[in-house]
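Asks: The structure that follows is given in the form of structure tokens.
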Amino acid sequence: MQLKIMPKKKRLSAGRAPLMLFLCQMISALEVPLDPKLLEDLVQPPTITQQSPKDYIIDPRENIVIQCEAKGKPSPSFSWTRNGTHFDIDKDPLVTMKPGSGTLTINIMSEGKAETYEGVYQCTARNERGAAISNNIVIRPSRSPLWTKEKLEPIILRNGQSLVLPCRPPIGLPPPIIFWMDNSFQRLPQSERVSQGLNGDLYFSNVLPEDTREDYICYARFNHTQTIQQKQPISVKVISVDELNDTIAANLSDTEFYGAKSHRQRPPTFLTPDGNTSRKEELRGNVLSLECIAEGLPTPIIYWIKEDGTLPINRTFYRNFKKTLQIVQVTEADSGNYQCIAKNALGAIHHTISVTVKAAPYWIIAPQNLVLSPEEDGTLICRANGNPKPRISWLSNGVPIEIAPDDPSRKIDGDTIIFSKVQERSSAVYQCNASNEYGYLLANAFVNVLAEPPRILTSANTLYQVIANRPALLDCAFFGSPLPTIEWFKGAKGSALREDIYVLHENGTLEIPVAQKDSTGTYTCVARNKLGMANNDVHLEIKDPTRIIKQPEYAVVQRGSTVSFECKVKHDHTLIPTVMWLKDHGELPNDGRFTVDKDRLVVADVNDDDGGTYTCVANTTLDNVSASAVLSVVAPTPTPAPIYDVPNPPFDLELTDQLDRSVQLSWTPGDDNNSPITKFIIEYEDAMHEPGLWHHQTEVPGTQTTAQLKLSPYVNYSFRVMAENNLGRSLPSEASEQYLTKAAEPDKNPTAVEGLGSEPDNLVITWKPLNGFESNGPGLQYKVSWRQKDGDDEWTSVVVANVSKYIVSGTPTFVPYLIKVQALNDAGFAPEPAAVMGHSGEDLPMVAPGNVRVNVVNSTLAEVHWDPVPLKSIRGHLQGYRIYYWKAQSSLTRNRRHIEKKILTFQGSKTHGMLPGLEPFSHYTLNVRVVNGKGEGPASPDKVFNTPEGVPSAPSSLKIVNPTLDSLTLEWEPPSHPNGILTEYTLKYQPINSTHELGPLVDLKIPANKTRWILKNLNFSTRYKFYFYAQTAAGSGIQITEEAITTVDEAGILPPDVGAGKAMASRQVDIATQGWFIGLMCAVALLILILLIVCFIRRNKGGKYPVKEKEDAHADPEIQPMKEDDGTFGEYSDAEDHKPLKKGSRTPSDRTVKKEDSDDSLVDYGEGVNGQFNEDGSFIGQYSGKKEKEPAEGNESSEAPSPVNAMNSFV
């Protein structure tokens, strides 16, 4: 703690009479310093140092901790109130108070509920000098409620329309963070067209076909409890014009088709906010967020203005594609009218938001602690502002001052308490409360009446070092009550500081504005009040400034040459300088062309990029100086074109300063061939271990011709050098003389040490051995040590040759071992290695998982739980658990079949897992086994379970045969996957008239044992559509559909009805069974027979009778009407007889409907029905007209018989 003194300076003039200088200080607020020695015996009222926030939202899953820490002398005691009344923590076994503290811990994790402890808490810290109180701490548990269940209908709209997807998250505490994602947990892309509003809703200015999806999901993340709640997915389908017209074509009239435009363009309108104006209120210091989201086509753009001013530049931010305007740290000056403008090519619209900024109370002057001596005066000031203006109220030791014990030394004047001639009993803690409707401020400030002699808090004999001609500040922190006066002396003889070169600060600091060499010496600070005196010595040393006596000079050099800058520094002999170089105020390039010597920077092979300002900076612990010079790079003087090549190899290699671990190599560079050498590469050969193989040793800059090389023991070295320039690398130099270093113990140990058992009773220790270069001497071996990790056994060690493996036999199964492998040679041991942990060999687990339980979730999913196997029984590294399960037999058929076992493995120590993909209504068996690195353990006892019934698949087929005037016969095959016991079949059918309109639906239940059904009392010559599905106890299965027609009335044949460009179905009758037709055929046959007899007789008589010509000239009147162009008995045809089949026709002629075709209806086909029937009455034609005549199959005819056909059959 330190003395609080106004930042003023007092200047001492030479004309003052006193021999000593006094620092006279006005009585003012004095805070007790945080000096440990001072606090040991200094009485002080309580001060709250830490407390929980005013609005304290807790996690209901964790214990409640309400903080309250305070300091004071003597140490304060603590008490609490809850909802304004005393909170007796001793009566609640779940509540404990931290020793020496007021912090409460409420143990709700054991049995309590967080809601029980909701309320307003306040802590009081009290000692003999007063009582300090905390803020009112409102405790509320966080809440993350689930979404209300709701049924969300799919949304279908046209391309270009606007859309708002509501989120409406559950109300939580604190409010959740809202975001939209899909089923894959990927955030939905947002843009100027699609964006999320402040309320969480998702707004579409206009929709596009790519917006179609079934997984618009709103998520609410409750950060306090780290939970995320999900709304039901919303399905959106955007229909394009073509899709819309297809739908209209199937359901509406021709006049209702849409044009080519998707949706008409329109000017903007606001989706939010509503109306032309709105109001917004925000608190000072918060973030003001204003939002405008518009719809329109094309997508509108949003602009913002402030009507009566400008937007603050540094505090204004645009979010959400400029749809949200944010102003941070909002103030009352930000009140006013803000206007958002939405504009597109068709127009603009605006909305005005009237903003009012209110303010919770904030401090102007917060009350400060007062330390006064008896009979002194002082004031406590509590000044706050807000909108509306806050009300100020005072408390003394936590009690409203109106009812607190009277103190004659104090007087209350609004926001100020004035103290006059205080006494020791005036010590107390005062609370100032500033409040308005938006909040409150509470501050504790104590008045501590003390009588203390002076104390100097600055460390004794502190040394200050200052550069000559700079200011020197000598500290003298002090405390005392009454407030001491300060005086300074210099030297042992106590010479007074009376010259005007000194400045005395009110906090006791002595300032020497311009320190000189003669300012060096010892200075004494003396503090006095009426209760005593204290003094302290400090020492001042004046150092010579650092100077650059030789500065770098401006240079102009040619490209490719070398330049140097000089920088010589002079400094105080007691300071150690560091010199660094900068280029253009930054670090030098990381380039070997730049070399820094003691006083010089050298740049070799200068290029254009090297031009710039070079600065030399000299630093000491007390000062720094710098000097700069500019380098200009120019083109070289034209010379005859040189020949550029790689350098010639270096020569004259020489080894000097030969030591055990280092040697110096020097050489002479070869010719650089007009390209400066940039670096030298040094390589070495180990003739003892790897003769003929050269390794990289080091590289040095091209300006250097010597190198200090680090060596390893027991290596027979040879060196060679290569030079390199911008064109490449030279050939190697001749090898140097050989140099054999002395042997030494290894510097390192083997790496990759591992201990793994290959058998249950062994431990295989492996490592990566050292190479010959790393051996450091002859006789390389390894000391292998091991012991059990959890036992008290001594280390067992063995020395092995230069190998990489050692096997320890006779070990217990899967026991942890500590292992060390240490290298050694004839010279000694390597450093002690670190121990690594391994395990002896694994064995198969001994015990099966117990207490296996199966919970059947649904007809295809089951959850399996088991108890874990004890670790000792696993006898190895736990890999996981493996479930074997198989379908023993069907619960329906109970037929024994080949058993195919399936396996699911669950990694780690999991004790439950899910079995997916089960077959409904089946009998399953499973067992569980534990798995380690060796394999599987024994299986648990088999657990049997049955899956419940599911809904059946669709019937395998549905055929309609034997049509008559008023009946149809249905034949079908049961579902291939009944998934349970079939209870019945459901048949629904309805008639279809000539305009494709559906009639009333008839619902019929059929016993499950039936595969054939005859429908009677049907209308003749009528098309029917059938819907057929099976049922089990679990529900209805997938339906298939079929269509068929009853035969026509026998009284006649209905002609085809062709109109409005749409061909209707050609209805034909099987006339082969009609009486009149049979009589006609007999007459025709008899006539032909008579003609043949007559012709035969004429020929036998020698005469010629041209039968064919007679027939052509005298056509039989019975035959003539049978021609197709007559239309009486001929086969119906239209102009499109030879067109290919339309794509919409998918019903095969045998009336067997596959599952994927079962949803077809008359609406799916073109222009009416134009088919024909077999002799048995089944429909074999197609919709939208017959394209080609198909060959008859079997004995069936593909067309109705006619008199012509019958006649031709006789010929």
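Cβ atoms here come from the backbone N, Cα and C positions, even for glycine.
Heads up, here are the entries from TrEMBL:
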COMPBIAS  1106-1126  compositional bias 'Basic and acidic residues'
COMPBIAS  1148-1157  compositional bias 'Basic and acidic residues'
COMPBIAS  1195-1211  compositional bias 'Polar residues'
DOMAIN    46-134  domain 'Ig-like'
DOMAIN    141-235  domain 'Ig-like'
DOMAIN    267-356  domain 'Ig-like'
DOMAIN    361-448  domain 'Ig-like'
DOMAIN    454-541  domain 'Ig-like'
DOMAIN    545-632  domain 'Ig-like'
DOMAIN    649-744  domain 'Fibronectin type-III'
DOMAIN    746-843  domain 'Fibronectin type-III'
DOMAIN    848-950  domain 'Fibronectin type-III'
DOMAIN    954-1050  domain 'Fibronectin type-III'
REGION    1106-1211  region 'Disordered'
SIGNAL    1-29  signal peptide
TRANSMEM  1076-1097  transmembrane segment
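Show me how these features fit into the structure around them.
Replies: Mean pLDDT for the domain 'Ig-like' (46-134) in this predicted model: 92.
The domain 'Ig-like' (545-632): residue composition by secondary structure is 3 helix, 47 strand, 38 coil, according to DSSP.
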Asks: Give me the DSSP three-state residue breakdown of the domain 'Ig-like' (141-235), ordered helix, strand, coil.
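Replies: Grouping H, G, I as helix and E, B as strand yields 3 helix, 38 strand, 54 coil.
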Asks: Which listed stretch (141-235, 267-356, 545-632, 746-843, 954-1050) has the most C-beta pairs under 8 A with the domain 'Ig-like' (46-134)?
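Replies: Most contacts with the domain 'Ig-like' (46-134): 141-235.
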Asks: Across the domain 'Fibronectin type-III' (649-744), what are the DSSP residue counts per state (helix, strand, coil)?
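Replies: Across the domain 'Fibronectin type-III' (649-744), DSSP assigns the residues as follows: 0 helix, 52 strand, 44 coil.
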Asks: If you count Cβ pairs under 8 Å, which stretch among 141-235, 361-448, 848-950 touches the domain 'Ig-like' (454-541) the most?
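Replies: That would be 361-448.
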